[in-house]
Amino acid sequence: MKKNLMLIFGGVSFEHEISLRSAYGIYSSLLKLDKYNVFSIFVDKVTGIWYLLDSVPSSAELIKRHTTSIVNFIPGCGIFVNNKSLEIDVIFPIIHGRTGEDGAIQGFVKMMDIPCVGAGILGSAISINKYFCKVLLKSFNIPVVSFIGFKKDDYILNKEGIKEDINNKLNYPVIVKPSVLGSSIGINVAYNVSQIEKYIEEAFEYDLTVVVEKFIKAREIECAVIGNDQIKIFTPGEIVVQDFIFYDYDAKYSTVPGDSIVFNIPAHLDMKHLLDIKEYAFLTYKYLELRGMARIDFLISKDTNLLYVNEVNTIPGFTDISMFAKMCEHDGLSYESLVDKLITLAFESYKKRKDKIDFTRLES
């Protein structure tokens with residue numbers, strides 16, 4: 001008997017359009033698997049209203065024709081469309097960035113008591129926050145590039161002091177990032193003090209906390225990880241960027257892989273770097289209490305050859321050019337099998353949590 005799966009995509013997020021592309025890929029795979037009854041839920045970018053669609057269209061323009069049935073949720077009671085209850089066995093969120101990767105939707109699904117694909121509340125919330133993620137990884141002696149972080153209110157009160165810290169502790173050039181955002185949105189490289197204020201202000205347009213890191217010329221390595229208690233680390237891949245300073249939003253989603261961008265799977269690594277990447281991927285996954293899946297990004301300095309953990313993505317891209325599925329496929333796990341495995345992991349994680357915690361014993 002087929003399981004009822006709810007695929008949630010879109011979202012009130014700067015990465016809304018990327019989510020649509022990822023959802024289309026996953027939906028197509030679910031149809032090929034023919035193991036699940038798929039309920040496609042589109043979350044409007046402006047209103048945040050949830051709509052039940054007949055399918056996941058291949059383009060954003062087609063969605064508007066189908067957004068008629070509004071989805072309502074009542075924790076403890078169920079999910080409803082047109083006053084009819086939907087019996088959902090598992091939820092697959094593919095909302096990138098805010099509300100999707102920050103623990104919000106994970107908390108909601110937990111309240112609904114439904115298995116959920118991917119990381120839980122804690123792992124999601126920490127991983128998406130670049131500042132706290134780096135602080136935590138550094139505390140476990142996992143190498144990260146030198147950085148400082150600050151909130152908007154603190155910057156307003158002590159702008160010159162923070163700019164002085166950037167100059168003294170990091171030295172230029174530096175890379176300026178919104179703390180909670182993905183897909184390289186709002187990220188800029190500042191080469192001198194005259195640029196830093198402009199880029200900090202731009203980053204604050206996306207988030208209330210900004211992270212400034214020492215910019216290094218680096219190789220960009222990505223590593224796919226799946227699993228719960230037992231994890232599998234796939235062969236790392238490398239993104240070789242020719243015409244961009246780093247792998248920014250335009251490079252990721254506005255450029256067709258070719259001369260400007262080359263995906264090398266496997267990445268050309270010496271044995272030490274390969275082993276270190278797999279070790280740090282394992283430790284990062286463990287310390288952040290991740291489950292389901294993650295893409296862990298690394299930097300290898302072209303000057304010093306030193307390795308750093310850069311960022312952690314708990315809902316990596318599933319578009320036709322995304323590295324996560326490509327790395328899995330290189331090691332023999334097809335796109336469809338990957339999607340199916342992630343759903344299985346969601347059921348396993350849910351069952352373990354339910355078996356481990358017996359709330360009835362607290363009753364008097």
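Backbone N, Cα and C define each Cβ position, glycine as well.
Given the structure is predicted, the values throughout are model-derived calculations rather than measurements.
Annotated ATP binding site per Swiss-Prot: 167-222, in sequence order. The annotation Mg(2+) 1 binding site is assigned in Swiss-Prot to Asp297, Glu311. Annotated Mg(2+) 2 binding site per Swiss-Prot: Glu311, Asn313, in sequence order, evidence recorded as sequence analysis. Residues annotated as domain 'ATP-grasp' in Swiss-Prot: 134-344.
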Rounded Cα separation (Å) that holds between Val174 (ATP binding site) and Asp297 (Mg(2+) 1 binding site): 18
10 Å Cα neighbourhood of Asn313 (Mg(2+) 2 binding site): matching binding-site residues from Gln195, Thr209, Ile216, Asp297: Asp297
Residue among binding-site residues Glu202, Asp297, Glu311 with least C-beta crowding, 10 angstrom cut-off: Glu202
Distance, Glu311 (Mg(2+) 1 binding site) to Leu181 (ATP binding site) (CA atoms, angstrom): 11
Mean per-residue pLDDT computed across the domain 'ATP-grasp' (134-344): 91
Asn167 (ATP binding site) CB neighbourhood, other CB atoms within 10 A: 14
Neighbouring C-beta atoms (10 Å sphere around the C-beta of Asn313 (Mg(2+) 2 binding site)): 22
Between Glu311 (Mg(2+) 1 binding site) and Gln195 (ATP binding site): CA-CA distance (Å): 24
C-beta crowding around Val174 (ATP binding site), within 10 angstroms: 26
Neighbour tally for Leu181 (ATP binding site), based on other Cβ positions within 10 Å of its Cβ: 23
Separation of alpha carbons, Glu311 (Mg(2+) 1 binding site) and Ile216 (ATP binding site) (Å): 15
Pairwise Cα distance for Asp297 (Mg(2+) 1 binding site)/Asn188 (ATP binding site) [Å, integer]: 18
Neighbouring C-beta atoms (10 Å sphere around the C-beta of Thr209 (ATP binding site)): 20
